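Found this in Swiss-Prot, in case it helps:
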TOPO_DOM  1-137  topological domain 'Cytoplasmic'
COMPBIAS  1-18  compositional bias 'Polar residues'
REGION    1-30  region 'Disordered'
BINDING   GLY71, GLU72, PRO73, GLY74, VAL75, GLY76, LYS77, SER78  ATP binding site
TRANSMEM  138-155  transmembrane segment
TRANSMEM  156-171  transmembrane segment
TOPO_DOM  172-644  topological domain 'Cytoplasmic'
DOMAIN    438-617  domain 'Lon proteolytic'
ACT_SITE  SER524  active site
ACT_SITE  LYS567  active site
Amino acid sequence: MKTTIKNSRTQESVSYEGNETKKGTGETLSYETSKDIEVPERLIDQIIGQEEAVETIKKAAEQRRNVLLIGEPGVGKSMLAKAMAELLPREQLQDILVYPNIEDPNNPLIGAVPAGEGRKIVMNHKNKARSQDEKKNLFMMLIISFILVLGFMMNQFLAAIIAAGIIFLALQQFRPRTTVMVPKLLVNNEGRQVAPFVDATGAHAGALLGDVRHDPYQSGGLGTPAHERVEAGMIHKANKGVLYIDEIGTMKMKTQQELLTAMQEKRYSITGQSETSSGAMVRSQAVPCDFVLVASGNLQVLEGMHPALRSRIRGYGYEVFMKDTMPDTPENRDKLVQFVAQEVEKDGRIPHFSREAVEEIIREAQRRAGKKDSLTLKLRELGGLVRAAGDIAKSRGAELVETEDVIEAKKLSRTLEQQIADRYIVQKKKYSVFKSEGGEVGRVNGLAIIGDRSGIILPIAAEAAPAQSKEEGRIIATGKLGEIAREAVQNVSALIKKYTGTDISNYDIHIQFLQAYDGVEGDSASVSVATAVISALEEIPVDQSVALTGSLSIRGDVLPVGGVTGKIEAAAEAGIRKVLIPASNMGDVMIEKKYEDMVEIVPVETLGDVLEHALIGKGKESLIQRMQKISDIVPSIMKKPAMH
């Protein structure tokens with residue numbers, strides 16, 4: 001995409017070359033379909049674009065270090081944790097048994113044996129108990145038979161039957177319970193070839209740390225022995241393996257403290273987690289829980305983490321910040337080809353992709369990166385697009401997913417924000433909240449982003465009225481503005497003084513973000529606000545077929561903003577014919593082909609460039625000439641610093 005404009009200050013033609021959506025993918029892999037791509041067996045080799053994190057995980061696995069992974073959702077944090085379980089050194093896994101304690105029933109004993117031996121021990125104890133029961137049953141049957149035979153011989157049939165029944169009940173009542181001596185298999189690692197991986201995300205204290213069942217419905221009846229009511233926690237099941245906790249900062253502080261204790265001691269006793277239950281009276285011996293903790297979350301999670309827990313991870317492990325984009329190189333595009341093949345293999349219900357369909361997925365990865373020369377690493381969302389395209393191809397009975405299926409899948413798998421944005425544009429246009437033709441004083445079509453990349457039209461109106469205060473005028477902005485947005489509006493006053501030469505101390509300038517009920521945050525509307533205010537002060541109409549976005553410095557330079565692709569596409573959907581964006585954002589533009597002929601994209605460097613393209617009417621030329629004179633005068637009258 002190549003766009004040429006004239007710089008309003010120098011009158012020189014300046015060309016800008018942006019990323020083309022038609023840009024060749026240039027993969028080094030040779031393939032016809034994704035079926036030709038070999039999918040690695042090891043999970044660690046399936047992780048895309050996180051080379052630094054992978055190297056850290058390998059070191060952590062080799063030395064059994066804890067890891068804290070911080071990053072955006074969908075960049076591969078849980079996959080890294082699972083891969084670490086495969087990489088852990090092969091150790092002797094253990095089965096954990098809990099035995100009854102004859103001396104103190106509320107303090108069950110704990111035993112650890114090699115994996116696979118636990119079930120054998122339990123079966124041996126059960127067989128012994130069963131053998132004892134059979135002997136006792138045989139003895140009881142002999143006694144009852146003797147009584148019955150004796151009664152028949154003495155012609156006392158009824159008395160013999162009654163006596164046999166009484167003896168049977170008595171023997172049952174006073175029969176010693178040998179079955180209570182059978183241990184319970186708490187953790188079973190039989191047949192496991194790799195270290196256990198336990199996902200404890202969202203687990204409550206009982207599930208994480210272990211618990212003791214305390215009511216008849218849970219424990220199996222009144223009088224159930226204490227050791228049979230003991231339940232292992234996830235920290236015990238992760239012994240010699242990996243315990244993964246996502247969004248660890250949402251966990252209660254008390255639970256984090258107990259988790260820290262388990263990490264330090266590598267053993268943790270199981271007790272009832274409810275203080276008001278009978279299970280709280282039971283406390284087992286310390287149960288082995290020698291696990292590697294892999295915690296994850298976003299940056300906000302750090303605020304909710306216990307300082308000592310984070311210190312433990314940092315002191316005995318690593319902190320890793322995950323990338324959300326990777327450079328757009330042939331090697332990295334090859335990795336996305338591998339990613340498509342992996343997703344097809346994992347799903348198992350969708351057909352493979354043709355080469356052209358894979359290239360369309362790569363182009364979408366470029367768009368979703370949101371910046372030039374980059375590919376997105378939010379692969380969970382990209383995987384959703386792969387599966388949606390596969391579903392479409394499957395529904396039409398195709399053997400391969402083609403480019404048309406991927407394009408159709410983009411519509412099918414739109415995010416909630418994108419669907420809301422589409423309806424927002426239709427509704428606002430229907431009721432003329434924003435306009436896409438004609439000219440109007442003090443009214444500008446700004447552009448904004450909701451969610452990650454869904455653009456919307458943000459109409460802004462400005463009006464200049466005589467100041468109510470005798471001392472000075474004010475800038476009054478409405479529309480639930482956030483802190484950054486309020487500061488951006490305040491900065492506009494300096495630009496108005498510089499570019500118009502107007503003394504605004506005699507005016508109250510009112511700025512309204514029309515129907516912005518959900519609030520406005522960020523400074524990407526600075527250009528729009530400045531244009532609306534200057535239009536209102538000078539009474540020069542703004543072209544309503546133009547939409548604009550960009551941040552402003554107090555010197556009038558247009559600074560880059562995020563989400564330009566989504567904003568441009570939203571403007572095109574709304575019928576806008578020209579969009580002004582910061583010149584430094586031109587490389588980030590990756591709009592869909594269908595929008596290329598619908599809208600003209602104009603890069604701007606200064607507020608003067610913006611006004612030249614946004615304003616219309618007879619007063620425009622005189623304003624721009626006056627602005628140029630003021631811009632030339634201001635530097636010349638500035639005092640030079642004194643030389644000593």
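Along the chain as shown, residues are numbered 1 onward.
The backbone N, Cα and C atoms fix where each Cβ goes, glycine too.
From a predicted model like this one, the values you see are computed outputs, not experimental measurements.
Just tell me what is around each of these and how deep it sits.
When averaged over the topological domain 'Cytoplasmic' (1-137), pLDDT in the model lands at 80.
The secondary structure of GLY74 (ATP binding site), as reduced to three states from DSSP, is coil rather than helix or strand.
Counting only residues at least six positions away in the same chain, the Cβ atoms of LEU447, ALA448, ILE449, THR549, GLY550, SER551, VAL561, GLY562, GLY563 sit under 8 Å from the Cβ of SER524 (active site).
Listed in sequence order, LEU447, ALA448, ILE449, GLY455, ALA547, THR549, VAL579, ILE581 are the same-chain residues six or more apart from LYS567 (active site) with CB atoms under 8 A from its CB.
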Taking each of the binding-site residues GLY71, GLY74 in turn and counting other Cβ atoms within 10 Å of its Cβ, which one has the fewest?
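Across GLY71, GLY74, these binding-site residues, the one with fewest Cβ atoms within 10 Å is GLY74.
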List, in sequence order, the residues of the same chain other than GLY71, GLU72, PRO73, GLY74, VAL75, GLY76, LYS77, SER78 whose Cβ lies within 8 Å of the centroid of the Cβ atoms of the recorded ATP site.
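Apart from GLY71, GLU72, PRO73, GLY74, VAL75, GLY76, LYS77, SER78, the close residues are LEU69, SER296, MET322, LYS378, ARG380.
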Could you give the residue numbers and ranges of same-chain residues that sit at least 6 residues beyond the transmembrane segment (156-171) on either side and whose C-beta is under 8 angstroms from one of its C-beta atoms?
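Distal contacts: 136, 140, 143-144, 147-148, 150.
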Neighbour count, 10 Å Cβ-Cβ cut-off, for VAL75 (ATP binding site): what number do you get?
25
Would you say which of the binding-site residues PRO73, GLY76 has the most Cβ atoms within 10 Å of its own Cβ?
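The largest 10 Å Cβ neighbour count belongs to GLY76.
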Which residues in the same chain, at least 6 apart in sequence, have a Cβ under 8 Å from the Cβ of GLU72 (ATP binding site)?
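Residues satisfying the criterion: ASN298, MET322, ASP324, LYS378.
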